[in-house]
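Data block below; observations after.
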Amino acid sequence: MAKYRCGKCWKELDDDQLKTLPGVRCPYCGYRIIYMVRKPTVKIVKAI
């Protein structure tokens, strides 16, 4: 299950919440720009 974040009110959304409205809109404020939240990953770089 992917997590999304609204570009205006910054509330986190699930896939199920996005499917409730037609199109891609925030169910809270109606804003149409949604960002996908990625898990924080750590990249280990070997020192020279």
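Glycine residues also receive a Cβ, built from the backbone N, Cα and C atoms like all the rest.
Around Cys29 (Zn(2+) binding site), taking its Cβ as the centre, 12 other Cβ atoms fall within 10 Å, counting all chains. Swiss-Prot lists Cys6, Cys9, Cys26, Cys29 with the feature Zn(2+) binding site.
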| Which number gives the other C-beta atoms within 10 angstroms of the C-beta of Cys6 (Zn(2+) binding site), all protein chains shown included? | 20
| Can you tell which of Cys9, Cys26 has the most other C-beta atoms within 10 Å, given these are the binding-site residues? | Cys26
